[in-house]
């Protein structure tokens, strides 16, 4: 895993867009994002049990597996959105980028590779893309039945209860 501020320059979303400003694991924790490197599947199973993840599936994002819909899917994943549930991804192969919003609403890019696991809290704005190899194989873990409802960023979604709880927990300044 490597995390850094996104450079904001135009160009292919699958390129690194590395600003040269690193972000560490503690910075990610401060916005509710958990990172683990778990080379053994048993460790993933233990984490799933401890956090109450009852269901899982696997997805391979690549032109070979998705065919003609690959480009449109990658564009859809890259639209800024949130979920009303935690998003848990364990990378089984390939590489991908999760971009998450910092406390200052800047993009933080997190490069994930094989054996990396990332947990995004409900309500955090984020987006995803493969890297320039156009291949990632990931396990998705869920607390309940698998669902993937993306709510794209906008004024209505800013007022969503899960978003408001996230803001209160991770972004609001402490009362003086």
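For all residues, glycine too, the Cβ spot is worked out from N, Cα and C.
According to Swiss-Prot, the features are:
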- 81, 83, 87, 126: Ni(2+) binding site (BINDING)
- 81, 83, 87, 126: Fe(2+) binding site (BINDING)
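Projection of Swiss-Prot feature records onto the structure.
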{"residue": "81", "record": "Ni(2+) binding site", "contacts (Cβ under 8 Å, 6+ apart)": "125, 126, 127, 150, 151, 152, 153, 157"}
{"residue": "83", "record": "Ni(2+) binding site", "contacts (Cβ under 8 Å, 6+ apart)": "120, 122, 148, 149, 150, 151, 162"}
{"residue": "87", "record": "Ni(2+) binding site", "contacts (Cβ under 8 Å, 6+ apart)": "119, 120, 126, 140"}
Residue 83 (Ni(2+) binding site) - helix vs strand vs coil (DSSP): coil
Residue 126 (Ni(2+) binding site) CB neighbourhood, other CB atoms within 10 A: 23
Non-site residues, in chain order, whose CB comes within 8 A of the mean position of the CB atoms of 81, 83, 87, 126 at Ni(2+): 82, 120, 124, 125, 127, 150
